[in-house]
Amino acid sequence: MAPGCKSELRNVTNSHSNQPSNEGDAIKVFVRIRPAEEGARSADGEQSFCLSVLSQTTLRLHSNPDPKTFVFDYVAGMDTTQESVFSTVAKSIVESCMSGYNGTIFAYGQTGSGKTFTMMGPSDSDNFSHNLRGIIPRSFEYLFSLIDREKEKAGAGKSFLCKCSFIEVYNEQIYDLLDSASVGLYLREHIKKGVFVVGAVEQAVTSAAETYQVLSRGWRNRRVASTSMNRESSRSHAVFTITIESMEKSSETVNIRTSLLNLVDLAGSERQKDTHAEGMRLKEAGNINRSLSCLGQVITALVDVGNGKQRHICYRDSKLTFLLRDSLGGNAKTAIIANVHPGSRCFGETLSTLNFAQRAKLIKNKAVVNEDTQGNVSQLQAEVKRLKEQLSQFTSGQITPESLLARDKEKTNYIEYFLEAMLFFKKSEQEKKSLIEKITQLEDLTLKKEKFIQSNKMIVKFREDQIMRLERLHKEGRGSFLPEEQDRLLSELRDEVQTLREHVEHHPRLAKYAMENHSLREENRRLKLLAPVKRAHEIDAQSIARLEKAFAEVSSTETNDKGLQGFSPKALKESSFFTNTEKLKAQLLQIQTELNNSKQEYEEFKELTRKKQLELESELQSLQKANLNLENLLEATKVCKRQEVSQLNKLHAETLKIITTPTKAYQLCSRLVPKSSPEVGSFGFLCTESSSRLDNDILNEPVPPEMSEQALEAVSEELRTVQEQLSVLQVKLDEEERKNLKLQQNVDKLEHHSTQMQELFSSERSDWTKQQQEHVTQLSDLEKQLQDAQTKNEFLKCEVHDLRIVLNSADKELSLVKLEYSTFKENHEKELSQLSERHVQVQLQLDNARLENEKLLESQACLQDSYDNLQEVMKFEIDQLSKNLQNCKQENETLKSDLHNLVELFEAEKERNNKLSLQFEEDKENSSKEILKVLETVRQEKQKEMAKCEKQMAKIQKLEESLLATENVISSLEKSRESDKELVTNLMNQIQELRISIGEKSETIATLKQELQDINCKYNASLADKEESKELIRRQEVDILELKETLRLRILSEDIERDMLCEDLAHATEQLNMLTEASKKHSGLLQSAQEELTRKEALIQELQHKLNQEKEEVEQKKNEFSLKMRQLEHVMGSATEYPQSPKTPPHFQAHLAKLLETQEQEIEDGRASKTSLQHLVTKLNEDREVKNAEILRMKDQLCEMENLRLESQQLREKNWLLQRQLDDVKRQQESGDQSHPDSQQLKNEHEEIIKERLAKNKLIEEMLKMKTNLEEVQSALHSKEKACHRMSEEIERTRTLESRAFQEKEQLRSKLEEMYEERERTFLEMEMLKKQLEFLAEENGKLVGHQNLHQKIQYVVRLKKENIRLTEETEKLRAENLFLKEKKKEF
């Protein structure tokens, strides 16, 4: 910047509002054009500019042959004020920092383009209070005003901590400006903090004034120096960082937000030929240009990465780019101010700055809120649970406002239909993808099979060719082989051919694939024929049709309901859709698993039912047979019983007869004799003789009665034993019959099963017979083939000998081939190892070549950019020089014409002199004295003319010298152009050499790629044998993974179902609790709500009255302001009507000062009204807290009433029990069964019951009263809730009014700042006008003193020209003033 330009940079008002763009987190680029200095005017009074502003977002660069147009986010002209720049650029960044985002603002441009003035302001005054202060002081003011506003709104629940650090990057070293004793600091990187400076001082600040003190203290330590382009040129990059930490407490949780605001003043790029830097300044300029070129390379790489290219971003090549890494391509919102110089001599730097800004505009960052939540773990868990429940309630549609319930109910069906349609669409897409994958796999499988079959066919063909060759050899040399050898050879070869054919035709994988394919087709056909699958398809088709119909209806009705807006915000809708989709996905997985399980269960059930049906049929037939057998047995048993009864009757009659006959008695007697005399046993012979003699005597004797009784007893005992034995045998017989029945049933089952098996066997026998017949036919065919083979064998036996010889030779060749193959395999393995090593080396070389190629491309791009800039600069300078040359030629022509006129005057004077001399000679004699006088006057005039001629000749010599100087300048410019051409040719040669080297390297890369492809082909060929086994393993792994996946899905579906059930249970319990709490709340807010309503209504009326008063005052102030502006316009108009007056109106300055004082007083009044409104809002908040406490107290009272209600219920139950006991006692008294003490006890109990009944009646009355009170409280609570809702709406409205008033206040403040800047500008212009008037007064005095008429005329003409110029300037200023007033009226 030229000397003194930083302090003399003037701006005028530009009424652009701060309209944030909706381009996400893209880097915002703003261009500011600095005004040209006063010394940059040409000879004709006009300035030579290379820029022109077309609109607020576009500017034009006057390049040759065609001008270039650039588009940016905002273009600030030469008359833009500091306040408009701040409101456009920095306000949104500061507000985002208050919201928790990182923000960065930095100025870029050449040296002397106004970067420091834009960021800081004038350098020779107090920047913090100056009207022309820059972005950094204004950012401090706005930041702390926002902090104070947040503190007033939140009270003690929110606190802020601001810390400042100030560093500079000087000669690629980092220094701390707040610590003058610091040496080179280091940069470090942290995962959360990002890039930071180790050891930098951070100072806490609490106000904008403290922050500015820290800034000014560090600014004094910054390195600045003077150059030919700027009086105070920044020699380092300065970064001022403000760390903003906000801590918000809510119950037991603490929400912490941290953000960084980086304010960067970059050093300007410069050229040595412009700044004439030497020594240390030249080294500093080299480091500055190097860091700025690294910044340009980083931005180019970021643009390429944003366009999808793979590029390395060289952040670490410079300390500046590494420090600004997050600001350029990370977590920050960034604004770049590109400062440019409009002068034509800065065309090259202006063009490079605009190209840099245009590239930076394409970068997009990803800014996020830096937020951390701390607090009690249980409290956080409860908060998370509450939010989840609220989210579930929102998604389920339970929490909806009363005004939108109907619309939400109408939309639920549409949402469900839409989600189902999306699920069907996703399902169809997934099925389509799976089918496409299966098709591709099957195609790959068929290709592999075809390749395998072709290879095997080729092997068979080679073998057959070998056999044909051996046959031909055998025919040529018939009889050389023995018949046994020929047979053996032929049989071996035939066997080999047959095995190969079988290998081709009956490959196990082919058979496996065919079987799998067939089974899959059968399974698919069977599943399609199942009734559930058909039903599912039909249901899907019906649901799709229903969804399409519903979607059409909703889409038709949605156009009619566009005016209505949903209550739930977009985030809630998205969350509800997300949760619904998750639940529907889980349900879909569950239904799919259930479908698979039902299919499996259906198959198992089908098999079981078939088996059970067979068993039941067999059991039925066996039971039928058993039933018939049992009926037969029953009839047989009846017949047997009849026979047994008849036999028993007969036996009984016979026993009676036997008992009554004497033979029986005799037998009894004979049985009793040996019992009575046991000694007779030794004398058996004598007894027999005696018994034979006594037979007749015993028979004739009568039977004694004792013996008959004994005989009866013995018979009865024997009958009893027989009956017992009979009963035991009967039981055994029954058991045997049951066993026989069971066996018979089993036999029947087995017979039925055997019949079924026989039927199966018969069907199988028929099949077997058919197969046997087929085998017989095949056997006959095989016999025929055997006969043919025998004939062929006989034919081929003659060739066996030759084939054996050939086989021996083939074996020898095979052994040689095996040896060659082993050696080839070893060599191949060695080559593979070498090729793998070479592959690695080639890959490394390729990577190195790629990196070198990228570097060369980057350098080529940089050279191309510099070449283009040089071309543009050269064209622009050539154009300027050609214009200067034309001007010089025109001046030379004018000087030549003036010289010719002077020569003609000189000749005329000579002729006059000659005439006078002749006249003198003629009149010499007549009037010598007069002639002498005349001669003397002529001589004087001649001397004057000669002096004039000498002056003209001196002017001519000066003009010739200037012409020679211009010619020398032109020659030097031509030489510089030739040197530039030589530089351009050198650059072109370098580019050509680089292109040649790139071509050579690309050729080497191509050869390396070809070698790499050959190596890959060999490597792939060597690995082809391993792919089949890997494929089998992969398939097995895929099967295992599929089984695991199905198991995991089943487990997941069960877990999801369990979680859903748990959530439903928790939701139901929560709803129950909420209902109970709501009933409690509704019962306790009557009196407080009424008082609150009356108070709030009065307060609202008071606030509305004050608001109306404020609006009237604002309108009155606006009217006064417009009136004063009209007065100012009138004063300015009166000032411009008299441009030649040497004095200004005396009352103008005082009137303007009074006007500004009144405006300041009005602003102070507005601030006071704002503070009073804020106090009212705080009072309202305090009242609200008091009412919340009263609500809590009423809740406690409601809890007590609920406890009383429970106690009354318990007493009612006790009363009922006692009433029953009393009734029992009365019944007992009436019966009279109880004794006297019991009756006394009953009397006591009766008295107690009476007392309890009275107490119960009292409690019932109190309960009824409480119920009535509760109903009244509930009704009052309902009305109070409505009032509270109205109050909350009123509070929201007051908040919006407060925010609107804050915005209006900020707009008024910015307008006031612009007015201050305009006042400064008008004061400066008035001073200039005063100086001009004083100068005119002096010149007027001089004009009065002049006596020569020619001089007076020239002076008056010059004054008229000056007067015309001044009137034109005043007209321009008046037009600008009118334009600004119209803009203000629009606001």
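From the backbone N, Cα and C atoms, a Cβ is placed for every residue, glycine too.
Going by Swiss-Prot, these are the annotated features:
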REGION    1-23  region 'Disordered'
DOMAIN    26-363  domain 'Kinesin motor'
BINDING   G109, Q110, T111, G112, S113, G114, K115, T116  ATP binding site
MOD_RES   S568  phosphoserine
MOD_RES   K1009  N6-acetyllysine
MOD_RES   S1141  phosphoserine
MOD_RES   S1169  phosphoserine
Original post:
By a simple count of other Cβ atoms within 10 Å, which of G109, G112, G114, the binding-site residues in the record, is least packed?
Top reply: G114
Original post:
Across the domain 'Kinesin motor' (26-363), what is the average pLDDT of the model, as a whole number?
Top reply: 79
**OP:** Starting from the Cβ of K115 (ATP binding site), draw a 10 Å sphere and report how many other Cβ atoms land inside it.
**Re:** 28
Subject >> DSSP state at G109 (ATP binding site), helix/strand/coil >> reply: strand
**OP:** Determine the Cβ neighbour count for S113 (ATP binding site): the number of other Cβ atoms within 10 Å of its Cβ.
**Re:** 28
Original post:
Among the binding-site residues listed here, Q110, T116, whose Cβ has the fewest other Cβ atoms inside 10 Å?
Top reply: Q110
Original post:
Tell me, by DSSP, whether G114 (ATP binding site) is helix, strand or coil?
Top reply: coil
